[in-house]
Amino acid sequence: QNLLAEKVEQLMEWSSRRSVIRMNGDKFRRFVKAPPRNYSVMVMFTALQPQRQCSVCRQANEEYQVLANSWRYSSAFSNKLFFTIVDYDEGADVFQQLNMNSAPTFMHFPPKGKPKRADTFDLQRIGFAAEQLAKWIADRTDVHIRVFRPPNYSGTIALALLVSLVGGLLYLRRNNLEFIYNKTGWAMAALCVVFAMTSGQMWNHIRGPPYAHKNPQNGQVSYIHGSSQAQFVAESHIILLLNAAITMGMVLLNEAATSKGDVGKRRIICLVGLGLVVFFFSFLLSIFRSKYHGYPY
């Protein structure tokens, strides 16, 4: 009982200084792995040192800090849950002990017993948004954390600048507003929205996936997720560009068929459009096949 009280007291002292407690190998084994323990511990295994070049780790760490701060400064804060972090360069022995070969990884260590499979957060499928982490923690510990984010006025400022720009443009062109009825301009704007939505931007906004994934073992960076149930932000950008290139090819084919210009010029436009459609649609289809293994068509 005295040992347990000392451990809890020490963790509470560290939490009062910083919402996320940094752990090395010795601290991890003493406060997280070794009994007695009557508290849950959330551990983020990561690699934040600049030489590791893990951009996903930094993004996930920001969300983890938001969640830990929300818990630390909430009225429900108690000694039943602690947030900790183990960096590879400070606790490589912990990574080896747990046979962990990727980062970032979130794990829950329950008050009694060893972590089960569900105690490892499915980051690739769910993403690392603080709200998703909070929901997962509630399922594992019955501790409900309301996420409070620091105010971010960048969206409001951007909207105000956009409204000012549009208003200024309309004022300057107040004597000639024919451009408002420009079909090509509206078509381009509509296509931009379509490309953004069909590439998965809304999914990114909801799930908060990483931009890409870098394997810490060999340093290989993956921009396309191997599962049909998830994607990276970079993947949506690639799909957006492919869709735009295919659409451009279709527009050129239509232009070649309907215009009344020089035959030679129309033939060149037709070949360029056909090349865009064939090449980039083949690329798009190869990505589809790599994600939807065994798809029958």
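Cβ atoms are placed via backbone N, Cα and C, with glycine included.
Where the annotation comes from TrEMBL, it is an automatic prediction and has not been curated.
Lifted from TrEMBL, the feature list:
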- 153-172: transmembrane segment (TRANSMEM)
- 184-203: transmembrane segment (TRANSMEM)
- 238-256: transmembrane segment (TRANSMEM)
- 268-288: transmembrane segment (TRANSMEM)
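Same-chain residues lying 6 or more positions outside the transmembrane segment (184-203) and placing a CB less than 8 Å from one of its CB atoms are 209, 231, 235-237, 239-240, 243-244, 247. Sequence-distant contacts of the transmembrane segment (268-288) (same chain, six or more residues past either end, CB-CB distance under 8 Å): 224, 235, 238-239, 242-243, 245-246, 248-253, 255-257, 259, 295. Residues 191, 195-196, 198-201, 223-224, 266-267, 269-270, 272-277, 280-281, 283-284, 287 of the same chain sit 6 or more residues outside the transmembrane segment (238-256) yet have a Cβ under 8 Å from a Cβ within it.
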